[in-house]
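Novice: Okay, handing you the structure first.
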């Protein structure tokens, strides 16, 4: 029982870290119909900025400052990219989108490798988060609880933003029927730019807080690309509860499989993916197009 | 079909060029001996390739660019990831088109295995700077190795940790060739010394979340964990998980081969790896004049401290061996004579005294027990705490 609880907790933390990184991709793919393979690259940029700000800059503000700077800095990098590159491919076929975004990914990998070098980068944690916390039946790193809390906050915040605010209504309208929304006075370009920035900000946040699970190095963007895409397709692109369910389900299966039968590798993970995709071709909570 | 035809033409052309080239070489007074180095100079393992290059450049900087009156020219070829087909093609190109007399480098075992069948026909010796599986040495008599094998670094570690009072172990290795080698060698050494391995865990190659593995280790009730993972991101995750799940605080000891704590990863591992004990053939912090000279030259070549790690010393010693081969053959291409000349060769390497075993052509060297600790300047290093001299490769011992 204690073991089961312990594994459930690990799975929950891992699933939440995946969720924070992947939800932005789910939004761009589901709401903006943009297959953005460069999403992992933005998460990686966030991780690098956080690491640089918290460790090398020596300002002494630490972790929170690093994360804030990571989110702001990555968005600052992404906005010109959106204007120059991404805006041209919103209406193009999925193949053009894949080609362009994977090209961007390779460029980002090359540049980070050149600028920061090929070594691993860490983001130093504040003492409170680095300490193992005793929960009675086991000890867990404080950082993992922080990731869980962040994941829940992101899920709640996003749900509220999209379902309950004016911006959310305009975004959903622009996605359903862009010409009609424009006719009604919604500035769709602005809406797209804002939601792209939001997705990138979430990627950067995820890259920074998830760095303990997925360490920051130049090949981050490629190494975890498949995992991110799998989570989005299992959850159903564009659905927040779907992405949350997919992350928790896949996280649980992955962690449990690794505990019970490490020799089987990723067998259980991909078996689950195949079963879910067979049963729900649009993902757990994907909507009909 | 197409491939074979092109290959045939290449070989014909190569033979012609080779014949012409030999004639010319005989006529010229100051000749050039070309050495082809294959390594991962770009891609995820670029740091290891950079270390190859740093080792080679350091040797050239210290010894000059000519050996016994023959100019040495290095030709680098990039092989970003393990890819036997490409390795074979690159080696062939180096032998046939670039007319190299020596091949060096090679980071991954499968690549080495793909190259060795070419050596005899090409009349070229291969000096391996890294690829660390025992079996490579038996695949061709023209291979010499200046790195280490996993069994070589693991066996003394297994004995040493039992001597330090730890009896009950769990092994956790990445589920691929070198990991399985390490598991077998460690288990054998521990059991020979009177210890016990209660559980062997093989982890999938792309694992990033290690807490379920830690849970298994806890369940097994071991006093010590032996780990083997490829250096890079998985290492960091493993060591952090080991701390986060409270195993370290619970008094469980973590042991590994030096791949896990290579110097370029230490700043990232930092405090988390503190006190970790590893067995390996080279620490950048090794205390000797030869090493201090080597580190100074290699850091200059690699373009900054903190990136230097063990492949550099393999390359540096590899260049020493190649230079001896060039001197022994008088710059002529004679692979058998070259390899014969370095059998039993002994010298003082930056890692300590080493010798090429005449039987196996693998390097016999001191294996060190090291602890991750801070030096006087506050940098994390692999501090040598015990040494096991004259270690041959147990995987090749007859």
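Just so you know, the numbers here start at 1 and follow the chain as drawn.
Yeah, the Cβs are placed from backbone N, Cα and C, and that goes for glycine too.
The annotation transmembrane segment is assigned in TrEMBL to A:6-27, A:34-54, A:60-81, A:93-116, A:145-162, A:190-214, A:226-252, A:264-284.
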Novice: Go through A:6-27, A:60-81, A:93-116, A:264-284 and flag the stretch with the largest number of C-beta pairs under 8 Å relative to the transmembrane segment (A:145-162).
Specialist: A:6-27
Novice: Considering pairs 6 or more residues apart, do the transmembrane segment (A:93-116) and the transmembrane segment (A:264-284) have at least three CB pairs under 8 Å?
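Specialist: Output no: the transmembrane segment (A:93-116) is apart from the transmembrane segment (A:264-284).
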Novice: Please tell me whether the transmembrane segment (A:190-214) and the transmembrane segment (A:60-81) touch - that is, whether there are at least 3 C-beta pairs under 8 Å between them, with each pair 6 or more apart in sequence.
Specialist: yes
Novice: If you count every Cβ pair below 8 Å, which range out of A:6-27, A:34-54, A:226-252, A:264-284 shares the most with the transmembrane segment (A:60-81)?
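Specialist: Between the stretches A:6-27, A:34-54, A:226-252, A:264-284, A:34-54 has the largest tally.
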Novice: Out of A:6-27, A:34-54, A:226-252, what stretch is closest in contact terms to the transmembrane segment (A:264-284), meaning most Cβ pairs under 8 angstroms?
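Specialist: Comparing A:6-27, A:34-54, A:226-252 against the transmembrane segment (A:264-284), the winner is A:226-252.
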Novice: Counting only residues 6 or more past its boundaries, what in the same chain has a CB within less than 8 Å of a CB in the transmembrane segment (A:6-27)?
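Specialist: Contacts with the transmembrane segment (A:6-27): 36, 39-40, 42-43, 135, 137-138, 140, 144-145, 147-148, 150-152, 154-155, 158, 195, 198-203, 205-207, 209-210, 212-214, 224, 227-229, 231-232, 235, 237-240, 242-244, 247-252, 254-256, 259.
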